[in-house]
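Peer 1: Grabbed the feature section from TrEMBL, which reads as follows:
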TRANSMEM  32-53  transmembrane segment
TRANSMEM  73-104  transmembrane segment
TRANSMEM  124-147  transmembrane segment
TRANSMEM  154-173  transmembrane segment
TRANSMEM  179-198  transmembrane segment
TRANSMEM  218-236  transmembrane segment
TRANSMEM  248-267  transmembrane segment
Amino acid sequence: MEEGVVANVRYWLVEHPTVRTFEWRPGRTWGASPLFLVPTLFAYLSMTSLLYFTKKSTARNPSTSPNTSPPSVLRIISAVHSLLLVLLSLTMALGCALSTLTQAPDIRWIFCFPANHTPPRGPVFFWAYIFYLSKILEFGDTALILLSNSIRRLTFLHVYHHSVVLVMCYVWLETSQSLVPVALVTNAAVHVVMYWYYAVCALGGRPRWKRAVTDLQIGQFVISFGVSVGMLWMHFGSGGGGGCSGFWGWVFNAVFNGSLLVLFNDFHKRSYNESRRRGVKGKKDE
């Protein structure tokens, strides 16, 4: 029974012809072109700006803003959106992990794709492609914030993260970037927890582990820099053997992750240190 379940999971996530024979073909695969990437980003930023300024203007004049979307409807939509991303993130993490174990000729491959010998095809790159497309689905996070009564939750960090991560995933595929398996599995696993938290909140819950979600997000960037040390040693050092694929893609990724680490740390300090200080002050005033 268990062996049958494992075999079925392996077939659908690794060995299915769609997964096994996938190949990223610039200009041919859907989404594999700057002519797709740039308009998609423009549409996201335009939609965000339009909704943001519309919401701000109607907030000043509440009488001109009919309530066309009852909060209960938005909560249901938000919960469904979050639960869908929980399932998708779990599938991507499991699919990429199993695909890596199947496709990797040795453990070194997990950290360093051989330069000039790693075309973007096969199960691992299939999941990288699904991960890339999932970032477009995550644009719904922004729309749901703006359509709710919590416009103050929309921050520069949120829009910057959602915008540039799509470019990052495109670069992964375009350059056959090393470390993709580690980055994808780590990020997707964190998103399982994060979107579960969002789903619980949308359904009216108030979980006490919000800080743990932020800590996990920060932790994934720390992990990315930790494994990058090994990749750089393989690329430049005695373990190189010709270098690692997608080095300049990694440079872009490292700069982006560094900026996110700074922004998330700042968010962490403002959100939790100030809350702690307010709590201490409240106790002193009692």
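Using the three backbone atoms N, Cα and C, a Cβ is placed for every residue, glycine included.
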Peer 1: Any contact between the transmembrane segment (32-53) and the transmembrane segment (124-147), i.e. 3 or more CB pairs below 8 Å with pairs at least 6 residues apart?
Peer 2: yes
Peer 1: Counting Cβ pairs closer than 8 Å, which of 124-147, 179-198, 248-267 has the most of them with the transmembrane segment (154-173)?
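Peer 2: Stretch with maximum Cβ contacts: 124-147.
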Peer 1: With Cβ-Cβ distances below 8 Å as the criterion, list the same-chain residues six or more beyond the ends of the transmembrane segment (179-198) that contact it, or say none.
Peer 2: 78, 82-83, 85-86, 89-90, 92-93, 96-97, 99-100, 104, 110-113, 124-125, 127-128, 131, 141, 172, 207, 209-210, 212-213, 216-217, 219-220, 223-224, 227-228, 231, 250, 253
